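Undergrad: One structure is given below, represented as structure tokens, and several questions about it will come after.
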Amino acid sequence: MNNAKQSNQVYKGAFTLLLAGILSKVISAFYRIPLQNLTGDIGFYIYQQVYPILGIAFMFALYGFPAAISKFLAENDKEQNNKTIYVQIFTVMMSFAILLFLAVFLLSPILARGMGDSLLADPLRHVSWVFLFIPFVAILRGITQSNQWMEPTAYSQMIEQLLRATIIIFTAILIYKGHLHVYQIADGAMIASMMALSISFIFLYLYAKKNRPLDNNYSSRKFPVIYLLSPILVAGLIISMNHMLLLLMQLADAFTMVPGLLKNGDTLREATATKGIFDRGQPLLQLVTVVGSSFALALAPQVTKLNWQMSREDTMENLRLTTKYCLLLSVGATVGLITLFPEVNQLLFQNQLGTFSLRILTTSLIFTSLAVTIASILQGFGYMKWTAVILFLGLSIKMVLNYILIPFLGMNGAAIATVSTVIVIFIANYLLLRHVLRGDRLFVIPWMKLTIASLVMAVVLGILKQITFYFITFENRFFLFLFVMGSVIFGFIAYAIVVVKWRILTSKELAPFSLLNRWKKG
């Protein structure tokens, strides 16, 4: 009974963590819309230049180090209440955090010049302080997760994201009213991040203290510091990297796009505005990728190396189901977004600048979602180091392609570089998984039917747009919002009808979608 109760607690906690992750990404995507509307493309550019550094810090605090600490404590269960080990782990992490802080703080003028904008030196210097807050939150998340308490991490993640979004939007309002300079959006991001991590720490501490009093149980037993480097630092870095696909693409753009545009003959103001326009695609990519891959992984049973060893046939079926869900979701979202992008761009960002380039960028959604999903599957098989290596190689490819393409093609070059890089990462992950599966076929997809379903949705949306715009001119964002939402619903219905009626999904595969399954049988 106790084992069953503990198992239910683990699954409940894991689902809560998954849901919190999705909601946090939704918040993260949507607060950027008022941010851009209030500060313009220049303000959005400045925020997106420092965001990769903040994003890396939050990946360390949310995913990498907590997971590494939890794994270490689970493997050394005798040390669960040994505060001496906690102090050692904290010391190792704080030493690493100080190194990161000093590197960004002292090298900020060089980093700013590398980004092509020397005015970014102060913003980069300011956001570097966030690294010092990582160990406090990470160790408490690691301790609670080692006790199978996933809810504290989920709740603290929501608290962080809501607080960050609120403070950043408040800063954007002050900039809009002229009380702050546009470059001070980075200061708002820094203050928001530090306050979010501080409140998160307080919440986690009180939760841990309430559920398991943090007594002064110190022990003379210690691990050599060198022994902690691999299971904590190295493992934490590898785990973090596996959550950074889109973040690494943004990091590459931060260092190569403005310099490339300057080589193309743009002025600094033109280059920074163009970068801000290009960055409009990031929240949409992040939202669709995370939601698509997360729901695909949630709908299909978990895949692990143990599952594979115990029941190869069932595991293979689950793998195919996961990738099929992911492909259907991402293809539908990609085709719909490409078709509606002029209206989405106008609705969210008040003009249609950069629509062509952003449509090119949107095509990466299919491969991004699949790459993230397959990487998650590979990690379940224990290939975490390999997926991190593939991501690092992908970053290198993106940097090189940006360096070559942006001076000649501008924003289109950056979009093509992202799409090409993501395709390479997807292919590498796919080939590695094929090797793990010993050549078994992963994708069992009726490709022609899927293509027709996509075309049907695109045609329906195209006809709807033509008829609507023949009679109505949208000058009000509210009515444009109603049109976009109505188009999304009509497009989804058209896509779903073909998927269900043409049996792209079988009755068994439709089981998680009980309403669609009943409709198909009817």
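A Cβ is built for glycine as well, from the same backbone N, Cα and C atoms used for every other residue.
Not measured: the values here are computed from a predicted model.
Positions annotated as transmembrane segment by TrEMBL: 52-73, 85-107, 127-144, 165-183, 189-208, 228-252, 284-304, 356-378, 390-408, 414-432, 452-472, 478-500 (among others).
How buried are these features, and what lies next to them?
TA: Taking Cβ pairs closer than 8 Å, the transmembrane segment (52-73) reaches residues 79-80, 85, 89, 93, 100, 104, 124, 127-128, 130-131, 133-135, 137-139, 141-143, 145-146, 153, 157, 160, 189-190, 193, 197, 228, 231-233, 235-241, 243-244, 247-248, 250-251, 254 in its own chain, all 6 or more past its ends.
A Cβ distance under 8 Å defines the sequence-distant neighbours of the transmembrane segment (127-144), meaning residues of its chain 6+ beyond its ends; these are 50, 53-54, 57, 60-62, 64-70, 72-73, 86, 89-90, 93-94, 97-98, 100-101, 104-105, 108, 150, 152-153, 156, 186, 189-190, 193-194, 197-198, 200-201, 204-205, 207-208, 236.
Sequence-distant contacts of the transmembrane segment (189-208) (same chain, six or more residues past either end, CB-CB distance under 8 Å): 47, 50-51, 54, 57-58, 61, 126-127, 129-130, 133-134, 136-137, 140-141, 143-144, 149, 152, 155-157, 159-161, 163-168, 171, 214.
Only residues 6 or more beyond the boundaries of the transmembrane segment (356-378), in the same chain, are considered here, and those with a CB under 8 A from a CB of the stretch are 242, 245-246, 277-278, 280-281, 284-285, 288-290, 292-293, 296-297, 303, 319, 322-323, 326-327, 329-331, 333-334, 337-338, 341, 345, 384, 386-387, 390-391, 410-412, 414-416, 418-419, 422-423, 425-426, 429-430, 432-433, 436.
Long-range contacts of the transmembrane segment (390-408) within the same chain: residues 241-242, 244-245, 248-249, 251-253, 255-257, 260-261, 263-264, 375, 414, 416-418, 420-422, 424-425, 428-429, 432, each at least 6 residues beyond the stretch ends and with a Cβ under 8 Å from a Cβ of the stretch.
Packing against the transmembrane segment (414-432) from elsewhere in the chain are residues 245, 249, 252-253, 257, 260, 278, 281, 357-358, 360-361, 363-364, 367-368, 370-371, 374-375, 378, 383, 386-387, 390-391, 393-394, 397-398, 401-402, 405-406, 442: each is 6 or more residues past its ends and has a CB under 8 Å from a CB in it.
Long-range neighbours of the transmembrane segment (452-472) within the same chain, counting only residues 6 or more positions beyond its ends whose Cβ lies under 8 Å from a Cβ of the stretch, are 331-332, 335-336, 338-340, 343, 479, 483, 487, 490-492, 494-495, 497-499, 502, 504.
Sequence-distant contacts of the transmembrane segment (478-500) (same chain, six or more residues past either end, CB-CB distance under 8 Å): 328, 332, 335-336, 339-340, 343-344, 346-347, 449, 452-454, 456-457, 460-461, 464-465, 468, 472, 510, 516, 519-520.
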Undergrad: Are there residues at least six beyond either end of the transmembrane segment (165-183) with Cβ under 8 Å to its Cβ atoms? List them, or say none.
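TA: Apart from its flanks, the transmembrane segment (165-183) reaches 27-28, 31, 34-35, 38-40, 42-43, 46-47, 119-120, 122-123, 189, 191-192, 195-196.
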Undergrad: Restricting to the same chain and to residues at least six past its boundaries, which positions have a Cβ under 8 Å from a Cβ of the transmembrane segment (85-107)?
TA: 53, 57, 65, 69, 72-73, 76, 79, 124-125, 127-129, 131-132, 134-135, 138-139, 142-143, 219, 221-223, 225, 228-229, 232-233, 236
